[in-house]
């Protein structure tokens with residue numbers, strides 16, 4: 001169904017400082033949904049429950065390696081600003097059930113054990129006939145199969161570089177990280193991984209490095225419109241993620257930094273600079289619509305993953321049985337609400353052409369997203385790197401779920417699995433997108449008051 005992209009309407013009765021961000025509205029390209037339906041569903045149904053879940057111990061602790069070197073260019077510049085720092089947890093801060101469990105487990109250990117009869121049925125007759133070399137080969141094949149399903153890099157969880165981080169104590173907010181180094185990250189993502197030829201110039205903010213003209217912007221959007229739906233979707237996911245991060249930075253901006261206090265809050269001027277239609281040559285509204293597109297993709301993944309989380313064997317295991325059960329029930333409520341959403345994105349429209357061509361396109365897109373997840377190790381600000389790695393892993397996990405529908409439907413017989421890292425990043429990444437949609441409502445109110 002053909003849908004129309006409606007641009008942001010701005011009331012311009014005074015100078016720029018008084019101009020109001022009124023509304024992003026209407027249907028979304030390549031979807032059967034509209035902005036108003038998402039706003040109502042997210043802000044009134046999902047957002048409050050999701051925030052409660054993400055404050056639980058299972059989801060607030062994320063294990064990450066922030067010391068990996070940049071694999072693409074030599075980078076010795078790390079953000080020296082104090083707000084770029086990440087404070088890791090001491091071992092005693094992390095619940096035992098999280099601290100001691102392997103990275104690819106989410107079950108309480110006794111529940112992972114097969115009884116003797118089942119063990120013999122599945123392993124006994126085969127294992128005794130395998131040579132060590134064959135066993136190693138099978139393990140290599142299994143690892144290869146796992147990698148083929150992933151849309152992002154999964155680091156080995158080995159000390160000393162891996163650390164648990166309390167996400168509530170290290171919130172995503174404005175750190176002051178900007179300039180050429182930050183621009184290089186996004187430029188590499190867009191220019192080298194979004195299937196864009198170098199001859200087509202990407203629209204940039206007017207005050208950005210090498211900012212583009214209006215003619216170049218029109219050329220870019222004509223080019224994008226001519227791409228297949230899969231490549232358009234890929235670009236819009238990256239643009240939506242970029243928009244979401246910019247909303248977070250504007251909503252948790254350092255407003256006061258004196259010797260006796262640090263005050264964080266909404267910076268309406270910063271938000272306007274990044275998204276006002278006139279100040280961004282029309283690009284701000286497009287980027288906000290891409291945020292809603294990203295929301296639909298991740299929401300659809302949550303809905304499809306419900307059978308996986310409904311398995312009796314699945315636990316949000318921290319070692320505190322009563323809390324773990326309560327939080328699993330809350331998680332299932334959120335996923336059931338996601339499934340009830342009336343206008344889901346239809347992923348069957350993707351990769352639906354010639355089987356061989358579709359398979360190659362899917363692999364090209366998977367590898368491009370893997371590459372983007374590796375670029376996160378080039379971010380000089382450690383707090384930005386933390387949230388960049390988490391959100392790209394979360395989106396990668398959503399894409400893995402989206403294109404594993406048959407395996408999920410075949411549970412528990414299929415081999416579909418999600419690691420704890422994937423589960424934590426999936427929900428936290430969607431929590432960031434959900435927060436962005438909610439913050440748009442806050443900025444609408446702020447800017448209306450300033451008219």
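Quick reminder: no glycine exception, Cβ is built from N, Cα and C everywhere.
The following features are taken from TrEMBL:
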- 381: active site, nucleophile (ACT_SITE)
- 384: active site (ACT_SITE)
- 173, 175, 186, 239, 242, 274: FAD binding site (BINDING)
- 79-84: disulfide bond (DISULFID)
- 117-152: disulfide bond (DISULFID)
- 381-384: disulfide bond (DISULFID)
- 1-18: signal peptide (SIGNAL)
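Counted within 10 Å of its Cβ, the other Cβ atoms near residue 239 (FAD binding site) come to 23, all protein chains included.
Candidate recorded positions: 84, 152, 381, 384. Fewest other C-beta atoms within 10 angstroms, 84. Annotated pair residue 173 (FAD binding site) and residue 384 (active site), C-alpha to C-alpha distance, rounded: 8 Å.
Neighbours of residue 175 (FAD binding site), defined as other CB atoms within 10 A of its CB across all chains, total 20. In sequence order, 84, 384 are the recorded positions from 84, 152, 384 with a C-alpha within 10 Å of the C-alpha of residue 175 (FAD binding site). Annotation for residue 242 (FAD binding site): same-chain Cβ neighbours under 8 Å, separated by at least 6 residues, are 186, 287. Taking the Cβ of residue 274 (FAD binding site) as centre and 10 Å as the limit, one finds 20 other Cβ atoms among all the protein chains shown. Farthest C-alpha pair in the FAD-binding residues 173, 175, 186, 239, 242, 274: 21 Å apart. Checking the recorded positions (84, 239, 274) against the residue listed as 'active site, nucleophile' with a 10 Å Cα-Cα cut-off leaves 84.
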